[in-house]
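Enquirer: Sharing a structure below in structure tokens format, with a few things to ask.
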Amino acid sequence: MDFKVADLSLADFGRKEIRLAEHEMPGLMATRKEFAASQPLRGAKIMGSLHMTIQTAVLIETLVALGADVRWVSCNIFSTQDHAAAAVVVGPEGTVEEPKGVPVFAWKGETLEEYWWCTDQALQWPDGTGPNMILDDGGDATLLVHKGAEFEKAGGVVPTASEDDPEEWGIILDLLRRTVNDDRRWTKTAEAIKGVTEETTTGVHRLYEMFNNRQLLFPAINVNDSVTKSKFDNKYGCRHSVIDGLNRATDVLIGGKVAVVAGYGDVGKGCADALRGQGARVIVTEIDPICALQAAMDGFQVTTLEEVVGIADIFVTTTGNFSIITADHMAQMKHNAIVSNIGHFDNEIDMAGLARIPGIEKEEVKPQVHTWRFPDGKQIIVLAEGRLMNLGCATGHPSFVMSNSFTNQVIAQIELFTKTDDYPIGVYVLPKHLDEKVARLHLDALGVKLTVLSKKQAEYIGVDVEGPYKPDHYRY
Ligand code: NAI
């Protein structure tokens, strides 16, 4: 088996944590049971690009339990948990000497070159074919296949580096220059793919953009906008892991500090709530009047970053947008202000601009925690080099909330793989009855007792006793 992870001897520790996680992931475990006999993913060759954590290990082994042949990478250079990667490679039946699990190409602290090399490896099966399904988080695997096919269509012409991130874009183009060839590898890969299921807001945004520009080459299910994903993982997951990231990175007391949360979408709501829960005075920035009004009514001060940049102790960007905290902002911050991002990509904080400030000095406190000292002696603390701090500095979201997200992923993979003809090229969300099913699978574990509608009550509000209980336009 081909794979590349940091250290296979961590597999035993990984397996112990996977077993604990399985107990906390009732949705995934129920899905394994439900589909054990029918094996709906038999024949599926799934390439996954999603943070290689313990929770993801339970997702991978669920896909395998349903019949899939899987290859995996992390979707971020810092988010792999090396013991999880090792355990997945070894597999529940294998040993370090004779691994029998899933090929994983991921380790914590990849370079960008290594990151894209891993993605390329996971897109190639040993027999020279590619996947027939992608499970993506942020859209990097989908992007690589689309760019390769696009350049092959243009006669194999791969442009020289350009665009807004010259370093990373240059690496992608180098890879494509080596792999775009007469065999039309990427075109064939794209043609063989029945669909992609996308995990996060930023990846979904890319998919709709590609679809609207008529560039999307295969159908996609937007898992992010299942209610049981974005209203849980993005919100309650970040409510947990933003604090975990801050604590493990700095252990600074949050109570009494001024914290700025940029963006008050699902992630911002979770982060602001958590920071307030720790006793911070939380200030929100927003561009959307609806989200700004929500933040105000939730009791937060809402203002611009420029107004408060010099008084805040902790900054967390949650926008999925770029250039939120500029080098100029950072130059105005207090000594030892903590600067972090929990949105998908690292461009929310202008790290390149920070590095260009004349005389600035970067020092590593420990991996993923750096001080940047300005020529006047003042310094700021930047977490995870501006990449998502909850996965870079801590271990991401806990299992129970990821069970909701990943049960949606498994259902979406089954939908696209088994009902391919029902999904012409486009971007879809799962039907509401499946969303409700995911929630239902998680109630018992929390001791929730649902009230059952009477037939008359159901008729009165115009729904079926079995659900769905809300119209599609309902917002929760
Ligand atoms: P969202 O769209 O619900 O929220 C983003 C908010 O930022 C919006 O309300 C938007 O109006 C606001 N915004 C945009 N530009 C802004 C600016 N210049 N200043 C202030 N506010 C601005 O998106 P969601 O679901 O909250 O996700 C945000 C990001 O977090 C995405 O990149 C997503 O992929 C990522 N994400 C990260 C997770 C993690 O574990 N680290 C988990 C889930 C999502």
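Glycine too: its Cβ is placed from the backbone N, Cα and C atoms.
Annotations for this protein, taken from TrEMBL, read as follows:
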- T53, D137, E199, K229, D233: substrate binding site (BINDING)
- 200-202, N234, 263-270, E286, N321, 342-344, N390, H397: NAD(+) binding site (BINDING)
- 234-396: domain 'S-adenosyl-L-homocysteine hydrolase NAD binding' (DOMAIN)
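If you look at the structure here, what lies around each of the features I listed?
Expert: The Cβ of D233 (substrate binding site) has H397, V401, M402, N404, S405 as same-chain neighbours under 8 Å, each 6 or more residues away in sequence. In the three-state DSSP classification, D233 (substrate binding site) falls within a helix.
Just so you know, the Cβ of G343 (NAD(+) binding site) picks up 28 other Cβ atoms within 10 Å once every protein chain is counted.
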Enquirer: Can you tell me the mean pLDDT for the domain 'S-adenosyl-L-homocysteine hydrolase NAD binding' (234-396)?
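Expert: Reported value for the domain 'S-adenosyl-L-homocysteine hydrolase NAD binding' (234-396) is a mean pLDDT of 98.
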Enquirer: Compute the C-alpha separation of N234 (NAD(+) binding site) from T53 (substrate binding site), stating it in Å without decimals.
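Expert: With the alpha carbons as reference points, the distance is 17 Å.
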Enquirer: List those of the binding-site residues T200, K229, N234, E286 whose Cβ lies under 6 Å from any atom of ligand 1, in sequence order, or write none if there are none.
Expert: T200, N234, E286
Enquirer: If you measure every Cα to Cα distance among T53, D137, E199, K229, D233, the residues said to bind substrate, what is the biggest one in Å?
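Expert: The widest Cα-Cα gap among those binding residues is 17 Å.
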Enquirer: Please identify, among the binding-site residues G265, G268, E286, G343, the one with the smallest Cα-Cα distance to E199 (substrate binding site).
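Expert: Nearest by Cα distance to E199 (substrate binding site): G343.
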Enquirer: Given G343 (NAD(+) binding site) and D137 (substrate binding site), what distance in Å do their CA atoms have, once rounded to a whole number?
Expert: 12
Enquirer: Near D137 (substrate binding site) in space, meaning Cα within 10 angstroms, which of the binding-site residues do we find among T200, G265, G268, E286?
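Expert: Within 10 Å of D137 (substrate binding site): T200.
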